[in-house]
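Before any comments, here is the structure.
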Amino acid sequence: MVRKPLIIIIVSICFFLLVSNQIEARSESNQPSTPPIRVDNTDYPVLYVGEPCLEGEAVWMVQARLRDLGYEIVPNGRYDLKTSEVVRLFQLAHHLKTNGVVSKSEWECLMYDEPDTSCLTEATKNQPKVMIEIDIGKHNLKVFHDRELIKEYPVGVGKWKTPSPLGEWKVVNKGMGWGNGFGTRWMGLNVPWGIYGIHGTDKPYSIGASMSHGCIRMRNRDVEDLYPRIPVGTTVKIVENGQIFPKNFNGRPLKKKQSGQNVVYLQSRLKEVGIIFDRADGRFGSMTELAVKYYQIWHGLEPTGIADEATYRSLGMIK
């Protein structure tokens, strides 16, 4: 027969172990989790499942765009396993590496897969040509039909660290109900070095200021008014105080297959001196190369098609 003191000791030990385990479990549950990594930048950020978790406007943009394309996903701004699985489906459908990671290839396929929509903005009998001009210095957006101003809205633009892209772009995709920092409407632009668009906002106080990561922000009621007026393919010209002129032109040589804000400035300057071609869109392609050669021939320079110091000096871009 077990003695009573021994039973009391055994019961006490069991109770102590039970209470200790509960306290340990509670303390572990109260430990702060690793804070997520914020990803709001627009320069094709790489997105993946990891610890700590990635979250922010870049993730929300991917999720919202996937939903626009018909995938079953609810945007929450967190790059979780569900998002990675949907990205894999998208990659499989577009013959990309199916690793669930969003890199530049996925961004370009998601945001800037341009359909043949040139007819949408051609002036025809029934449809006048539509064009948008945004002045980031004046914080306004103007809509033109056949060069006639029909609407004007106040906008918010990029801050100095993340400026809005100057140049002549096209609307390449549209979306509704993105929510979060993108408000109620989205119109994506074909900027070659990042992800930019015109959209609504949950920060109406930023309208009229330079506070964004480079996108053009509008009041939700304004972007809802603008949205149905703008077909995919519409030209969007972004200037600063009426000019396409980057603040930091470094004069480095530029050649075919390069892109960036300096290419925009080169293209814009060539157009100013009478060399006619399509858009100052930041892409140094065959037409830009031909335009540079044409200018070089007519100004006694070696026709290399490369924008070098002598070409810049002749164009008045550097002293």
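Glycine is no exception: its Cβ is also placed from the backbone N, Cα and C atoms.
A quick note: this is a predicted structure, and the numbers were derived from the prediction, not measured.
Each residue in the domain 'L,D-TPase catalytic' (130-239) has a pLDDT score, and their mean in this model is 95. The domain 'L,D-TPase catalytic' annotation in TrEMBL covers 130-239.
What TrEMBL records for HIS199 is active site, proton donor/acceptor. Using a 10 Å Cβ-Cβ cutoff, HIS199 (active site, proton donor/acceptor) registers 25 neighbours.
Under DSSP, CYS215 (active site, nucleophile) is assigned to coil, being neither helix nor strand in the three-state scheme. The feature active site, nucleophile is assigned by TrEMBL to CYS215.
Just so you know, the Cβ of CYS215 (active site, nucleophile) picks up 28 other Cβ atoms within 10 Å once every protein chain is counted. In the domain 'L,D-TPase catalytic' (130-239), helix, strand and coil residues by DSSP number 16 helix, 51 strand, 43 coil.
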